Amino acid sequence: MTVVYYSSSSNYTHAFAQKLRAAGQHCVRLPLLTKDDTLLMEEPFVLITPTYGAGPRRGAVPKQVIKFLNVPQNRELLCGVIGAGNTNFGETYCQAAHIVAQKCQVPLLYRFELLGLPEDVRNVNEGLNRLWKQKLQRRA
Amino acid sequence: MAEKVKLISHVDAINWNRIEDPVDDEVWDRLTANFWLPEKVPLSNDVPSWNTLTPEEKQLTMRVFTGLTLLDTVQGTVGAVSLIPDSLTPHEEAVYTNIAFMESVHAKSYSSIFSTLSSTKEIDDAFRWSTENQNLQRKADIVLSYYRGDSPLKRKVASTLLESFLFYSGFYLPMYWSSHAKLTNTADLIRLIIRDEAVHGYYIGYKYQKGLERVDEATREELKAYTFDLLFELYENEVQYTHDLYDSVGLSEDVKKFLHYNANKALMNLGYEPMFPKDVTDVNPAILSALSPNADENHDFFSGSGSSYVIGKAVNTEDDDWDF
Ligand SMILES: Cc1cc2nc3c(=O)[nH]c(=O)nc-3n(C[C@H](O)[C@H](O)[C@H](O)COP(=O)(O)O)c2cc1C
Ligand SMILES: [Fe+2]
Ligand SMILES: [Fe+2]
């Protein structure tokens, strides 16, 4: 089971994913450039996405994330979404994760700010382990 | 002003169709889309609520806002402008001019609040307090000394700490009033400022990290030590400033948590790991939800009981690149 994440050139989400890697999670980064080919998933995964955008209604979900979710097979395997953001953006805190959860009808699993605190890494790591276990049990 | 202003020696016509760093373009778009003026906010609706505050509470509020005015003035007329000559791209220069202008809008918006809510005498008293309060003056002086210094990267550190940390002893109060259903229009205006500062802190911190890529390891280590030293120096001063303001209303401890929470974010904007542990950054939930109404984490699957979740309410987007 995999964590797929997008991180722009500021690399905050990438730093968070590195900490999840160190905790034993398998993490894969989406390509930075929109013109590059996106990934095709073969097994269930969780997505981490930051929020961007030129305003509340435009560009909150990074284009590369949209391209990735436009692939029906990826959408079918998506188990949930985690948001990265900053509460100082007020109402649009982690809006991209809300949009993805809504559009793909999957749970919003967690939200954290910027690089994430050690507690965030622990909560996400433990939450993912519980989730993977549930998926395995359901399969068996 | 004795010193000679440093200007860029050579300028080429800026071409926005040749972007060297896409972050410049993205941030410009966000900043211009965020543009606002205080006249758009119906501040006069706060008059009845202002009249329910005690004289001490009114004085505290006025003082907090003159303190914020001073920081925005510093950042508009010196801080953002001082970053222009060290820019890595012409688009970065343009972004700083936008930031500088917006700081002047922020500074002026406090005067809109003042003229709506209080009398000329109260306003003059509060501005006099701001020039006489030692801790407030010290924080401006510390930052200004780095803006005048000769290290471009240290300037960015000082600037990011101002944008992402130093404002928050002040921003606390309108969030506090708003959580008590007071001065809610003023709080709306402050939230617009906070949103702008979030982009400013992100951007200047990002450019600092870009700058770090161009220096050697020893310099990187020195800058990291410098960042933490400066944060401590400012933090100690901030704690005293917080006591000056908030002891009379018994809110100092609550404000300090908000300071720690934001100091962590300032460090992260500079690419460093957060420093304050969870038990001193547990901001009052009422303040947090005044800041971001959706921040309540009980809806998140991993932090609640883990047994149920809600799928968020629909958000309309205008993006047309979705296929479904
Ligand atoms: C132009 C711009 C707009 C942003 N808008 C939002 C937003 O609306 N909501 C939010 O929670 N965070 C917002 N952010 C903050 C980023 O989502 C946050 O910094 C995130 O950690 C970036 O992750 P990355 O470095 O991996 O790309 C914005 C950042 C920028 C630069
Ligand atoms: Fe400002
Ligand atoms: Fe600012």
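Each Cβ is built from the backbone N, Cα and C atoms, and glycine gets one as well.
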Which residue of B:D72, B:D124, B:D125 does TrEMBL report at the same Fe cation 1 site as B:E103, B:H106?
B:D72
Which one of B:E163, B:E233, B:E236 goes with B:E103, B:E197, B:H200 at the Fe cation 2 site, as TrEMBL has it?
B:E163
Same chain only, sequence gap of 6 or more: which residues have a CB within under 8 Å of the CB of B:D72 (Fe cation 1 binding site)?
B:E103, B:S104, B:H106, B:A107, B:Y110
So which recorded positions out of B:D72, B:H106, B:Y110 are up against ligand 3, CB under 6 A?
none
Its Cβ having more other Cβ atoms within 10 Å than any other among the binding-site residues B:H106, B:H200, the winner is B:H200
Entries of B:D72, B:E103, B:Y110, B:E163, B:H200 (recorded positions) sitting next to ligand 2, with Cβ under 6 Å as the cut-off:
B:D72, B:E103
A Cβ under 8 Å from chain A is found, among the binding-site residues B:E103, B:H106, B:E197, B:H200, for B:E197
Let's check the environment of B:E103 (Fe cation 1 binding site): how many other CB atoms sit within 10 Å of its CB?
26
